[in-house]
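A.B. asks: Below: one structure in structure tokens.
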């Protein structure tokens with residue numbers, strides 16, 4: 001049995017080392033065998049059982065906080081978990097709509113209780129966690145549409161039941177949930193609904209047409225086959241989510257970059273947004289990165305894959321400039337040890353280029369999944385940075401409302417002053433003599449003539 005090593009400086013290494021062994025023995029090796037004798041879907045069903053087992057027997061129950069109420073509810077007939085701060089814990093009237101990660105295949109809203117309770121407590125706002133439908137049973141865009149339905153329902157009417165100001169809505173998600181959150185913000189802008197104040201994208205999936213970027217090559221050099229997110233794992237998830245056969249050959253075609261047609265490679269939205277030269281110099285100068293030309297496309301598979309994947313509702317990196325300009329403010333979080341790092345950086349670059357108010361933070365030594373795994377100072381830093389960003393954005397909306405109220409009051413006072421002046425003027429008679437007291441120029445001397 002071979003347990004591949006983790007990067008020496010990766011954050012929370014002690015925990016990850018244990019997880020590396022447990023997941024290899026309980027999930028990866030058995031999963032490989034199941035996939036070999038059966039198919040990728042059966043592997044996913046097995047892995048879900050492993051996740052449930054680990055959560056039940058090894059996961060810690062989230063600490064119950066008396067001033068946070070947790071309930072199972074439905075918005076637009078979509079199951080959700082809602083976390084409501086009570087009393088002094090309710091610091092503002094905003095809300096976070098959270099989409100959990102898990103490669104579109106794994107996890108449930110309740111598995112994120114600790115994270116959502118912490119967010120509700122730190123930000124002091126309502127948190128809605130969407131229990132969207134998962135692939136492979138429900139392929140694209142089922143889960144995405146669930147999340148959008150919740151946004152529409154909650155922002156248009158249900159927010160009133162929880163005392164939420166629907167001008168202070170943040171969409172947030174990690175990994176696949178970050179993908180959903182990015183598309184929620186994109187749809188909000190596309191449809192001109194104006195529901196969302198800001199988006200927080202935690203190591204999101206935003207593209208899948210480039211598997212030879214520095215972050216992919218660094219994975220192969222530094223943490224290949226470890227518990228950290230692997231290219232093969234992510235590609236399997238993409239195929240299953242899109243409803244395409246997740247065969248060994250198809251996974252290889254995606255990872256070799258032969259999955260896109262020449263037409264797609266030359267499309268303006270790909271050329272200007274999936275441009276690796278836009279990455280920071282320190283990343284491009286990595287000793288583990290060697291630029292590689294794209295191979296010829298696998299004609300049959302590339303046609304099928306490009307048709308499914310070249311869709312901004314799946315890959316928001318390829319949205320048009322027109323539907324992106326004017327989007328809500330964004331925070332994009334990327335991690336050093338994450339194959340999705342580079343596409344996340346490129347997405348942040350795209351948003352900035354198009355004038356979207358964007359805050360991008362890349363965390364050295366961090367890894368894919370760190371936001372929800374406690375046990376190190378870096379996780380606390382990332383969590384606090386995210387929470388403080390949301391608080392700041394909600395406070396900005398409060399300032400806007402205060403400014404509007406001041407303008408409204410100033411306008412009222414101005415109108416009132418004008419009315420008073422008008423009334424004052426109407427009490428004076430002015431004749432053509434020019435004397436305000438009403439006497440004529442000859443009135444005082446007529447008896448002398």
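Even glycines carry a Cβ here, placed using N, Cα and C.
Bear in mind that the values here come from a model prediction, so they are computed numbers and not experimental data.
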A.B. asks: In TrEMBL, one of 386-417, 418-449 is tagged region 'Disordered'. Which stretch would that be?
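C.D. replies: Based on what TrEMBL states, region 'Disordered' spans 418-449.
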A.B. asks: Sort out the sequence-distant neighbours of residue 338 (active site) for me: same chain, 6+ apart, CB within less than 8 Å of its CB, listed by position.
C.D. replies: 203, 215, 228, 229, 344, 366, 367, 368
A.B. asks: Taking the Cβ of each of the active-site residues and counting other Cβ atoms inside 10 Å, which one has the highest number: 175, 368?
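C.D. replies: Within the set of active-site residues, the most crowded position is 175.
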A.B. asks: Kindly report the helix/strand/coil residue split of the domain 'Alpha/beta hydrolase fold-3' (309-371) according to DSSP, in that order.
C.D. replies: 23 helix, 19 strand, 21 coil
A.B. asks: Sort residue 175 (active site) into helix, strand or coil using the DSSP assignment.
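C.D. replies: Coil, per DSSP.
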